[in-house]
Amino acid sequence: MLGLQIFTLLSIPTLLYTYELEPLERTSTLPEKELGYWCTYANHCRFCWDCQDGICRNKAFKNHSPILENDYIANCSVYRSNNFCIYYITSIKPHKMYRTECPQYMSHEWHEAVIRKWQKLLTYGFYLVGCVLVANYVRKRSLQTIMYLMVLLVIFFLLSQLMLYRELEDKKHKIGSIPPERELEHWCTHGKYCNFCWDCQNGICKNKVFKNHPPIGENDFIRYDCWTTHLLNKCNYEKIYKHFDTHIMECSQPTHFKWYDNLMKKQDM
């Protein structure tokens, strides 16, 4: 009984943490408080941008690079059920659908710290429950039974470490798919979901370019291998996942990329 009580107490904060968001009917007009969530994944959707005189600024991330309005910014609608979120790109037909799991990302700013905290608390809690159970058996069982329990506890320890703290497998990028470091800011402004824009460790991914960008959990939002191509006046990147999807933009966008301006000046000389 004591072990069950301890487990129940440990489960309460976990249930509170994973409390599901309220359902949201499909819409292209979002509550302002949810922009931070949706614009983390669907950054190219029009509801994330405030465009005036051809210059677009990100509504959710104020220090995000401004861009010129072009076909990168797509019309989108979003939908949320009890256990997952979906956003649709409606600018093209058939509409493209992308799915993310909502309960993991209720608040990005404290997500990483909280998830690690509760992982540790749950692990220690399981160990405590195991020790209490072993202590009860010590008084009632034989030495052989106790040894079996100790072996099971060790196996449980190893499995819990594997499940809670497993390291991500190193992803192999395709040859030529990773742009030079000096160009990451350009590519990750437009191809934000490309995996070369993210540093993922222990299931938590941080943006390499925008340091104040909220960390996100690794999911199929960033599973794309991307190819990048530089032309004289155009740039394009291709998402390579279930099928090829090419996006084209002008390389001079955003205009503050001085390295590109300098490069073009040298070519003109």
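Keep in mind that glycine also has a Cβ here, set from the backbone N, Cα and C atoms.
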Selected residue, Swiss-Prot feature N-linked glycosylation site, from candidates N63, N75
N75
Packing count at N75 (N-linked glycosylation site) (other Cβ atoms within 10 Å of its Cβ)
14
